[in-house]
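What Swiss-Prot says about this one:
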- CYS5, CYS8, CYS17, CYS23: [4Fe-4S] cluster binding site (BINDING)
- HIS236, GLU260, CYS304, CYS398, CYS426, CYS451, GLU486, LYS488: hybrid [4Fe-2O-2S] cluster binding site (BINDING)
- CYS398: cysteine persulfide (MOD_RES)
Amino acid sequence: MSMFCFQCQETAKGTGCILSGVCGKTPEVANMQDLLLFVVRGIAVYNQALRKDGRSSARADKFIFDALFTTITNANFDKHAIIKKIKKGLELKKDLSNQVTIEHAPDECTWYGDETEFEEKAQTVGVLRTSDEDIRSLKELVHYGIKGMAAYVEHAYNLGYENPEIFAFMQYALAELTREDITVDELITLTLATGNHGVQAMAQLDTANTSHYGNPEISEVNIGVRNNPGILVSGHDLKDIEELLQQTEGTGIDIYTHSEMLPAHYYPQLKKYKHLVGNYGNAWWKQKEEFESFNGPILFTTNCIVPPRPNATYKDRIYTTGATGLEGATYIPERKDGKQKDFSVIIEHARRCQPPVAIESGKIVGGFAHAQVIALADKVVEAVKSGAIRKFFVMAGCDGRMKSRSYYTEFAEKLPADTVILTAGCAKYRYNKLPLGDINGIPRVLDAGQCNDSYSLAIIAMKLQEVFGLKDINDLPIVYNIAWYEQKAVIVLLALLALGVKKIHLGPTLPAFLSPNVKQVLIDNFGIGGISTADEDIAKFLA
């Protein structure tokens, strides 16, 4: 059975996974994800038509962003769960089709089939359905941007925040991707519009998070352990960890964060829980080793899951929820009737487990989102004016397995002492435990939070632009050296481009889905570049 996927940075040979995913997904899972996306595009066409006369389906809105999230790298490896979503999507599409007529409807709208036909159909609707290399490249760039946007939309939705304009754009974009006559120029316009709406989606999530949990504040986070049973929470969904904290309060069970959930410790309304005791481990890709010693159950609220080895001792301790899935793991169902998710099964499991084994000790500092940094604006501005801070380096983004990512550790270590790193996302784990010191009390690594908190870094940049009276954001002493891995990094990139940021450097490699011509458009119009060596790049950036 064949597959084709090149949506992540680690795609095989830098061109595409064709036998199995480097991420661990099988061809069956990859193909069912392709078919799910195909069904989603059809639903989007119908719902977009219904929206024009005020009859759009809220059920379709939710299905679309949840299904898109399901197909993000490392989110869902459960073929049966994905097939179930496809069947649900076909039923939803049929219901919508009975409410509106689409002239010259694309195959995405007209195809229906049962499970026996899914695999055969999936072979015809994936990335390679588009023969023109540049059209394919731009279509997938938009696709991946929309996937990343869907993740941020879902997190905001879980906190009660919806923006019909974002729903409408996502579905408009998906409908446009069904067109066989779409041009390169139209797709470039659509790509830029995706970036603009990515800014809106990140702003909405920032509002949702801060209105519920307060503005992130400077916080010390323990990276050791206590002598109580624990639950390890991975992923990004703050609503999930909040409800788990509430349901475990007073039980004697400690809650630890993992990877991208680290910033939960920065929010006042989450850090108030005394049994939110620390962060365990490092970036997502080290979980095969680190989960062995945690001893307690692990909850994946979103990506990033790495399928465990067959002999892993923690296999029966994995729980998934939301858009995530892993065959053999226990799934925590969605909320119903306005009630919380029921985490009792994972809580009872934790009671039977030994406490985690320490793999490191000490503390790390974070919480430098836009409100906190702007509160320190006078201090920061003075440091820049006095020359104490020569340059800021935005090193936000994702971490990953490739050995070449040691570049980011070396880069951080070799930066001069008069520079400051602004970070968000799990890329931080390459350098957030290094003894890099501070500048006049300002830590040299300022962690804003999760990957979506790259929005905070953009807000900080715009505030500095205002303070220094600069017409162009690119005149600031800021260098963008971003590590990417999956589709949320794609929407962050497109959002930064929409905000006018240029000369962004992406690594450790440029995306495989960018054709040579599309890559050249990004270079010519936005100054997008790659990386070389830490020494060469530092010399170039400081010249």
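Sequential numbering from 1, following the chain as shown.
For all residues, glycine too, the Cβ spot is worked out from N, Cα and C.
Checking each of the binding-site residues CYS304, CYS398, CYS426, GLU486, LYS488 against CYS17 ([4Fe-4S] cluster binding site) by C-alpha distance, the shortest gap belongs to GLU486. Spacing of HIS236 (hybrid [4Fe-2O-2S] cluster binding site) relative to CYS23 ([4Fe-4S] cluster binding site) is 19 Å (Cα to Cα, whole number). Rounded to a whole value, the Cα-Cα separation of CYS304 (hybrid [4Fe-2O-2S] cluster binding site) and CYS23 ([4Fe-4S] cluster binding site) is 10 Å. In sequence order, PHE6, GLN7, GLU10, THR11, ALA12, GLY16, GLY21, VAL22, LYS25, ALA30, THR73 are the same-chain residues whose CB sits within 8 A of the CB centroid of CYS5, CYS8, CYS17, CYS23, the residues recorded for [4Fe-4S] cluster being left out. Rounded to the nearest whole angstrom, the C-alpha distance between CYS398 (hybrid [4Fe-2O-2S] cluster binding site) and CYS5 ([4Fe-4S] cluster binding site) is 19. With the fewest other Cβ atoms inside 10 Å of its Cβ, the least crowded of the binding-site residues HIS236, LYS488 in this structure is HIS236. The 10 Å shell around the Cβ of GLU486 (hybrid [4Fe-2O-2S] cluster binding site) contains 25 further Cβ atoms across the protein chains shown. The Cβ of CYS5 ([4Fe-4S] cluster binding site) has THR11, GLY16, CYS17, GLY21, LYS25, ALA30, GLY126, VAL127 as same-chain neighbours under 8 Å, each 6 or more residues away in sequence. Around CYS23 ([4Fe-4S] cluster binding site), the same-chain residues six or more apart in sequence whose CB sits under 8 Å from its CB are CYS8, GLU10, CYS17, THR73, ASN74, VAL306, listed in sequence order.
Mapped onto three states, the DSSP output places CYS17 ([4Fe-4S] cluster binding site) in strand. Secondary structure from DSSP puts CYS398 (hybrid [4Fe-2O-2S] cluster binding site) in coil.
Counting only same-chain residues at least 6 apart in sequence, those with a Cβ under 8 Å from the Cβ of CYS451 (hybrid [4Fe-2O-2S] cluster binding site) are HIS236, GLU260, ALA396, GLY397, CYS398, ALA424, GLY425, CYS426, LYS488, ALA489, VAL492. Apart from HIS236, GLU260, CYS304, CYS398, CYS426, CYS451, GLU486, LYS488, the residues listed for hybrid [4Fe-2O-2S] cluster, the same chain places the Cβ atoms of SER259, TRP284, ASN303, GLY425, GLN450, TYR485, ALA489 within 8 Å of the centroid of those Cβ atoms. DSSP assigns CYS5 ([4Fe-4S] cluster binding site) to a strand in the three-state reduction.
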